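If you look up TrEMBL, you'll see 20-41, 53-74, 94-116, 147-166, 178-201, 229-248 marked as transmembrane segment.
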Amino acid sequence: MDAVLSRLRVRIPIVREVFAEFLGTFVLLFVGITSVAQAVLSDGKSGTMLSINLSWGIAVAMGIFIAGGVSGAHLNPAVTVALATLGKFSWVKVLPYIIAQYIGAFIGAACAYWVYLDAIGKMGMMVPETAGIFATFPKEYLSNGNAFVDQIMGTGILMMGILAIVDPYNMSVPKYAIPLGVGSLVGVIGMALGHNCGYAINPARDLSPRLFTLAAGWGKETFEYQNHYWWIPILGPHLGAIMGGWLYQLLVGVHWPLLDEEEKSKTETQF
């Protein structure tokens, strides 16, 4: 068995990282979507907004536990691009990571659909009712402009929180606690910002399941709903993550070396 596993072992780092991103994102979407399905298909008897938010948070933690040691567990194209703009991730790896994330999200959505196939069939393929199990849809009162701000703010908070949690100069969060910290962050964002349009805050989390619903029979209304809302959970998170990442770096992250120098200067003057 060891000999067989040795032959299967991938020795090219980027391939290992892509595999990890795929699997971590798959688990994130499968667990998150099935938690929504359970609540929607039971008419709230087997799930609530609280259970959905907790499930998405735990799903994020699970994805990070799975992929973190290999790829860093971005699990989110907006995070990947934002890290690259900050110089914390190679631009060469951006496209492979994003492709893996989108594919993992699509297959995660498909598997969630298969689990609840009969229940969805009983309720019917309605937009946004059952389509909302997979992708996010705004409330009827929400304008696209307000939805865009919602996605920018939510993903900005996500990116700032991630950078703070993994920043070795900040609170020095133990490695084993990072998944729990990021998962809790996502859960809290859902509890605070989930009402307007479901806090996608991740282009792969929204576009891949939306494409799946298009292919599975919900039709083009999944893209046309609410004045073509579909592009907002793609562009909004990318802008929000970049803005949040740079805001953290400019106000907190960039100053750590200066603080080190000041501490060293204080120490030297004491002798």
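Counting begins at 1 with the first residue displayed.
Cβ from N, Cα, C; glycine included.
Counted over residue pairs 6 or more apart, the CB atoms of the transmembrane segment (178-201) and the transmembrane segment (53-74) come under 8 Å in at least three pairs, which marks the two as touching. Tertiary proximity for the transmembrane segment (229-248) is limited to same-chain residues at least six positions away from its ends with a CB under 8 Å from its CB atoms, namely 76-79, 81-83, 85-86, 135-138, 144, 147-148, 150-160, 163-164, 197, 200-203, 205-207, 210, 222-223.
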